[in-house]
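**Student:** This is the structure I have questions about; it appears just below.
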Amino acid sequence: MPPLQGLRGNLDMTFSSRMSTLAHKGAFAEEGILMRVRRNAAVSEALSIVVCLVANLISLFIVHLTPDLRDSQSDEFANSTTVSNDTDTRDLSNIESSMFLTASSILSVALNCAICTTFLFTIVYYAWKHDYNPDNIVAPLGASISDMLTIGSMLFLCYLLRPYAGFSSALPNIIISISICSIPVWIMLGWKDEMAVTTAKQQCLTLVFASIVSCLAGLIQSEGAMTYPNYPAYQTLISGLAGNRGAVLASRISSYLEIHQESELGWKQRAIPFIYYRSDCSEAQTARLLLFTALPFQMFFVGISTALSFVYEPVELDWKFFLGYALVVLVQSFTILYLAQLIVFTLWKFGLDSDNHAIPLLTSAADVCGCGLLICLFLVLDKAFGCVKRIE
């Protein structure tokens, strides 16, 4: 799930960032803007399918390299299907499970792309109409809605396709084949738009690299969940909110550099974190605001999650965990916001479109950073105090 969520979030946030840049440059007042948006959406659809296939292959490769994950997934799948020959169950189940998950994920990203691009363009358009800055709205909104739709649609589609696993593997093969054949069609629909074509050429490798990094986060998450049952609940919060804040800062800096063609700060001020955060420019002020409000927002959502968890089973309640979690949030937010400004400025200096590259790199970095710091927190609290729940 982390690579799939990261993929959809990256595509939606980069799409919204491009739309925000067009709004700042006055393109929304020109004729033919709807056609440009449709062509950009078609390119996003093609990229979704391509990178989704790559992410599934990488995830399958990682699972087969990790004995614990491979054995646990094989056992779970074998227990839920009836196969007469016990010798062939493990190998056959792994292949079938991977095919059905791949088909479900492709359908999920394709459906979400159509919904999210329409919704995000509408938000940007109305923000532009009413003189609001869309950079402050659409990046976090796109990521949050994308996560919700990705998880919900993935579970729903798996539920729909699951009954076919007992007697035939033809359905996922058909879905994957049709999806692959549709990629040239989507590219042809967006080919007449120079911006869309440039996006397809530049962004594909970045999205693949971001998916690879997110797969590492998925590996950490899987390993952590097998030992600490409450780890996934906090991992989603810490990775998602930090990625959103980094995307907001990156989108604002990208729009500023695109419009003014000059930076408020140079390499020396940006390279050292403490000098950057103490600067007086508007960009650094935004970074400080995002940093100082990260902890209250995180603890607010942690409080909501803790309250809701009492419906079925309480999550972590020890005060030492919440204190350590607050420290992890500050370290991660400090790191991601610093990386955001540095990545955007570096891409701009080398003549690359930061709208297409910065946000995927940032969200994948937020995933790995959040997963790594959180598993360290669980390990320290478990070994030193024994105050977190674990699976024996």
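Numbering starts at 1 and runs along the chain as displayed.
For all residues, glycine too, the Cβ spot is worked out from N, Cα and C.
The annotation domain 'SLC41A/MgtE integral membrane' is assigned in TrEMBL to 1-156, 236-376. Taken from TrEMBL, the feature transmembrane segment covers 46-65, 106-128, 140-162, 174-191, 203-220, 289-311, 323-347, 359-381.
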**Student:** Between the transmembrane segment (174-191) and the stretches 46-65, 106-128, 140-162, 203-220, work out which stretch tops the count of Cβ pairs under 8 Å.
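**Tutor:** If we count Cβ pairs closer than 8 Å to the transmembrane segment (174-191), 46-65 scores highest.
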**Student:** Is the transmembrane segment (106-128) close to the transmembrane segment (140-162), in the sense of at least 3 CB pairs under 8 angstroms with a sequence gap of 6 or more?
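**Tutor:** Result for the transmembrane segment (140-162) with the transmembrane segment (106-128) is yes.
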**Student:** Can at least 3 Cβ pairs under 8 A be found between the transmembrane segment (106-128) and the transmembrane segment (46-65), with each pair 6 or more apart in sequence?
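**Tutor:** Since 3 or more Cβ pairs under 8 Å link them, the transmembrane segment (106-128) and the transmembrane segment (46-65) do come into contact.
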**Student:** In the domain 'SLC41A/MgtE integral membrane' (236-376), how many residues does DSSP assign to helix, to strand and to coil?
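**Tutor:** Its residues fall into 116 helix, 0 strand, 25 coil.
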